[in-house]
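Undergrad: One structure coming up, written as structure tokens, with questions to follow.
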Amino acid sequence: MIAAGVIGCVYLFCTAVLFLGVKEKDDPFAFQPGMVMPFCSGFRQSMQHGPYLYLISSFLLISAAVQLQQSNFVLFCTHAADNLRKHFQNLVLTILISAVMSIPFWQWFLQRFGKKKAAFGISWMIPFAIMLVTIPNLIVAYVVAVTYGFSIAASLLLPWSMLPDVVDNFRLMNPQAKGLEAIFYSSFVFFTKLSAGIALGISTLSLQFAGYSSAACKQPYLVVLTLQILIGAVPAVLIVLGLFILIFYPITEDTRKETELALDVMRLRTRRSTLIVI
């Protein structure tokens, strides 16, 4: 109850900071001031934008894989690897520290080598997850925890750094559209949470069919096998599929810079025309 109260206060504080500290500005790129596109039309156009579809399809699968590993990691350490039962709290803490510490590295990496190449850093967790399933000893578990943190940081950082590029690309191709940024971001959050919810539902149903009981100190072999599959095989397949889709993501560093330059030209023209009218 204390933890729930603290988390609720943090939510209220962050919402207040957002509401009071962020001011909305009129879109400088729109040639028709005040013409806001209706939600249904904007949502339909956003769902027809190729780069957005590639991005959202890829990270839906990747976020589902990450959610599966995060939600089942403690159960795996508790029931599928007896020698890790007393260390799962330290392992979770290692994952969190590794994720936080690796964010500056990924920021440098995506600026130096591009965002698409940085996205393939998520695949680091695949061989180490398989290693944890096949060799569940303490040293391997801590190595896996560090690589988990690196991969989780990349999976959380990259979509939010790539989504503005998609919005800018849409803006360049549809200069008359206005007010669609909220649709792009809210749709991405909705589909990501939906994919995480589906992954948790599948995980829960799989464990239920396998005979998992929260009151049992020792789970049957079928539960152990299910946890091994949910930790290793299923996330690996989802990540490979997500990265395969990301290969076709059309926005590169060169096209991103070209789009940014073109939008700067549009902004300058809009300002000049506004000054002339005034």
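First residue shown is number 1, and so on along the chain.
Glycine too: its Cβ is placed from the backbone N, Cα and C atoms.
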Undergrad: Of the ranges 1-17, 52-68, which one does TrEMBL flag as transmembrane segment?
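TA: Going through 1-17, 52-68 one by one, TrEMBL flags 52-68 as transmembrane segment.
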Undergrad: Any chance you could find the range in 52-68, 118-135, 182-202 with the most Cβ pairs under 8 Å to the transmembrane segment (222-249)?
TA: 52-68
Undergrad: Who are the long-range neighbours of the transmembrane segment (182-202) in its own chain, taking Cβ under 8 Å and residues 6 or more past its ends?
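TA: Non-local partners: 39, 42-43, 46-47, 52, 55-56, 59-61, 63-65, 67-68, 71, 159, 163, 166-167, 170.
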Undergrad: In terms of Cβ proximity under 8 Å, which residues at least six beyond the ends of the transmembrane segment (52-68) contact it?
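TA: Here the qualifying positions are 46, 119, 122, 151-152, 155, 158-159, 162-163, 166, 170, 184, 187-188, 191-192, 195-196, 198-200, 203, 230-231, 234-236, 238-239, 241-243, 245-246, 248-250.
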